[in-house]
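Read through the structure below, which is laid out as structure tokens, and then see the notes.
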Amino acid sequence: MAELDLIAPGPLTGVTAHPLAPLGPDPVSAIPVEKEDADPLSKSGEETQEQGHDPAELGAPGEEDQILCDFCLGASRVRAVKSCLTCMVNYCEEHLRPHQENSKLHSHQLTEPAKDQDLRTCPAHHSPLVSFCHTHQQCICQECGEGEHRGDSTVSLDAARRNKEVDLRCMQLDLEQKLKLNENAIARLQANHKSVLVSVSEVKVVAEEKFGELLAAVRKAQADVMVFLEEKEQAALNQVNSIKTHLEHRSLEMEKSKQELERLAAISNTVLFLEEYCKLKKTEDTASPSIYIGLKDKLSGIRKVITDSTLNLIQLLESYKEKLQEFSREEEYDIRTQVSAIVQRKYRTSKPEPRTRDEFLQYACDITFDPDTAHRYLRLQEDNRKVTNTTPWEHPYPDLPSRFLHWRQVLSQQSLYLHRYYFEVELSGGGTYVGLTCKGIDRKGEERNSCISGNSFSWSIHWNGKEFTAWHSDTETPLKVSPFRRLGIYVNFPGGILSFYGVEYDAMTLIHKFDCKFSEPVYAAFWLSKKENAIRIVDLGEEPEKPAGSSVEAAP
């Protein structure tokens with residue numbers, strides 16, 4: 001099996017002044033903290049020197065980024081050299097002398113000059129913030145440290161920043177490496193696209209030669225085999241394109257995360273930096289997929305079948321395509337694009353399946369409805385986190401190939417691949433379906449296989465206002481469970497598990513579990529079959545309501 005080359009990121013260029021500076025010039029993401037405008041009314045160097053100060057010490061009136069002494073008056077305000085966190089004042093060298101010479105002021109904490117808005121005080125005690133509490137991940141004043149934070153693990157602000165800068169740098173380097181691996185995988189997928197075409201083409205040539213020997217009696221069987229191969233070719237290409245789309249989406253997410261880390265690294269104010277860092281969401285560890293196409297090896301089996309069967313083809317003409325289908329169903333001759341993921345050893349351990357909501361939340365994922373797939377009768381609200389069936393009122397969505405034309409369905413914008421995932425939805429009204437499907441689901445067809453209950457690559461449960469049923473391959477399975485308004489959906493992609501849970505205040509009740517065979521990225525899928533149906537993607541920070549009677553009511 002060909003494996004993806006793990007490329008360690010090389011030395012990062014362009015980092016000279018600050019260890020957390022951006023990795024290179026980026027006109028889009030490199031947003032200046034302050035905008036400097038030259039003031040045409042600023043005084044000349046000669047006029048400045050006549051006032052007895054060096055031009056470098058004076059703050060030009062139009063230079064907003066310069067921090068001036070608060071004790072200096074008029075136009076001769078001098079640049080500050082220190083800020084006192086006790087006095088909450090900026091001092092120039094001259095006005096700083098009392099702090100240096102008066103022993104009563106030696107206890108005041110002096111820092112590098114800071115803008116007025118950066119001289120942060122404790123909102124509870126109105127005292128300067130002097131320490132960082134590791135226990136509660138926040139900046140605190142001295143009174144906080146002696147009170148509610150007594151006994152907590154605390155360090156100075158400067159020490160806390162140094163520690164966080166090291167962590168931030170590691171995150172940047174780790175993200176750089178993952179981004180390179182992801183881009184490498186995308187490049188391999190592009191190459192594999194050609195490999196699929198070439199490999200299938202080779203089998204077509206063999207089939208053409210052998211069927212030529214059978215003359216007119218073989219023409220119908222020849223056409224059947226060609227259709228068979230083309231279907232498998234299209235299926236393989238669809239898988240490649242689906243995986244490529246997933247990886248490209250991951251690249252975009254990691255680019256956004258990279259820009260956010262660079263923005264955070266550029267913050268000069270220590271307190272603001274620490275506050276922003278504590279809000280920072282850790283980047284999810286992502287397995288680095290390695291792409292292997294075993295198509296040619298598997299097609300050799302088909303080639304052997306075609307060659308060997310030529311001698312007995314007259315007797316096999318009626319069942320030729322059926323015989324090929326039998327080989328296709330066997331793993332040995334399965335004409336598919338096989339994608340293997342190379343996962344770091346620390347992620348290969350088999351973790352037990354979660355049981356409590358807190359355990360499920362370890363795999364929380366933030367999904368939204370994809371407006372480019374929503375049927376025109378579906379209205380998206382709340383930043384694409386709520387969908388409502390507004391039949392017969394249409395919405396002026398653009399006509400796109402990805403939009404569902406007949407079935408009132410919508411997919412998630414995010415694909416699920418290689419990992420475990422958990423999200424929750426809230427149902428309103430009977431006739432709602434929730435599940436998973438693949439990217440290749442037909443968007444324009446009216447047949448049952450175009451909806452998420454009627455094909456072999458979709459799995460869903462249906463709430464009809466009274467009870468739940470499970471659907472797969474157009475087969476319905478009644479479920480004997482209590483009604484629930486909020487559902488938890490758990491996906492274990494490597495394990496081939498899709499589970500639906502009823503979410504209550506103090507319990508997680510299994511509604512149904514599908515054993516699936518995932519071979520490409522999947523998408524959360526939703527079908528609102530009746531008007532005024534609604535589905536809302538729940539913010540996982542919302543605690544479930546305490547149970548009170550029936551949880552779900554049918555729509556009027």
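The backbone N, Cα and C atoms fix where each Cβ goes, and this holds for glycine too.
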Coiled coil per Swiss-Prot: which of the ranges 123-143, 312-332, 333-353, 459-479 is that?
312-332
Counting only residues 6 or more past its boundaries, what in the same chain has a CB within less than 8 Å of a CB in the zinc finger (117-156)?
83, 85-86, 88, 109, 163, 269, 271-272, 274-275, 278
Number of other Cβ atoms within 10 Å of the Cβ of Ser195 (phosphoserine) across all protein chains:
17
Compute the C-alpha separation of Ser107 (phosphoserine) from Ser195 (phosphoserine), stating it in Å without decimals.
73
I'd like the number of other C-beta atoms within 10 A of the C-beta of Ser107 (phosphoserine), please.
8
